[in-house]
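S.K.: Before I ask anything, let me first share the structure, which is written out below as structure tokens.
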């Protein structure tokens, strides 16, 4: 990291209008992990495997490699001035108010759309167990739960994200362990296919769909990383940002290798890539092969909590972004008001839940909403990533930020 400004977080006495630093190191680490593991890994990996074959492993590695440097740039800029609350702050400070305004509002809008898709997806996943449940009832319950969690202290948000991330980690580690055991025991599927690492290169090589298939995998694979930037919105509420943020960001390569690369290698070793059904979750299919009758229910639970984690993170990040914009005079001043008891932006939280609730009871078509979710992130993510990337390339910016601290 760059030479960091030694402005101790604990010296910033919380006032009525300052966010409280209640997120501990374990919260930040799990928020980072949870942000890096999206719903797309569980539900969309079958489609990416069918498009790219074994080369999808390289797709995830390339995307992870690029995002690591984007996150490194974000981390260095955030730590160059501990008064920055999020990436929109350093964009405004270093590029001009227009950059902060544009980055903050596009990011807010992207997560509003994502929240709509997440609420609909959660409703659909809940109907797996409760088929007679009305869409509007499930949507209302989700919205009220998310609102209550985010109106409480930021520590409550950290705890929820901690356990949501743990559920995803356990599911992925279980898949990797079970898959490795199946390969080592030369497990044979009902169709007579033996589990082997040789499936990675024996069925058309590493690039069976050619260069076009390889590049086609990027569009869907990048969706799995939506949320990786959430660490950048926690800077103002982290107890020890100078230690927690670098540790979370520097562990990104290890997380990509473990949770994406290892999982995909195991999946395609147990089931040849050409046999993977695009419309089904490879996670469910692998556990079904083992003979686990509750595989569908377990993965549905994991995906539901993953969508809930995404929605919860979206409420947190957008409310903080709107609070920062309001403090800078780029949003109505009413959204700069914090709760006196909890230190959270209750008005910013309430604003987000209005469109989320309106969309949540619309039609309950999760597939269309997930496509909308993907399309809007495809448009909006490059906006703030580009601003961050551009900022770090300008010589002297960290020093300029330090001087202004």
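Note that the numbers count up from 1, one per residue, in the order the chain is shown.
Just so it is clear, glycine is given a Cβ too, placed from its N, Cα and C backbone atoms.
Just so you know, TrEMBL annotations never went through curation; they're auto-generated.
The following feature annotations were taken from TrEMBL:
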| type | residues | note |
| --- | --- | --- |
| DOMAIN | 27-340 | domain 'Amino acid permease/ SLC12A' |
| TRANSMEM | 28-45 | transmembrane segment |
| TRANSMEM | 51-71 | transmembrane segment |
| TRANSMEM | 136-154 | transmembrane segment |
| TRANSMEM | 166-187 | transmembrane segment |
| TRANSMEM | 207-231 | transmembrane segment |
| TRANSMEM | 252-274 | transmembrane segment |
| TRANSMEM | 286-311 | transmembrane segment |
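Quick one: where do these features end up spatially?
M.R.: For the transmembrane segment (51-71), the residues of the chain that approach it from at least six positions outside its boundaries are 45, 200-201, 203-209, 213-214, 216-218, 220-222, 224-225, 228-229, 231-232, 249, 252-253, 256-257, 260-261, 264-265, 268, 273-274, 278, 385, 388-389, judged by C-beta separation under 8 angstroms.
Beyond the transmembrane segment (166-187), the same-chain residues lying 6 or more positions past its ends with a Cβ under 8 Å from any Cβ of the stretch are 30, 33-34, 37, 41-42, 194-197, 258-259, 262-263, 266-267, 269-270, 283, 286-287, 289-290, 298-299, 301-302, 305-306, 309.
A Cβ distance under 8 Å defines the sequence-distant neighbours of the transmembrane segment (252-274), meaning residues of its chain 6+ beyond its ends; these are 32-33, 36-37, 41, 45, 49-50, 53-54, 56-57, 60-61, 64-65, 67-68, 71, 169, 172, 175-176, 179-180, 182-183, 187, 189, 193, 195-197, 199-200, 203-204, 208, 224, 228, 282-283, 285-286, 289.
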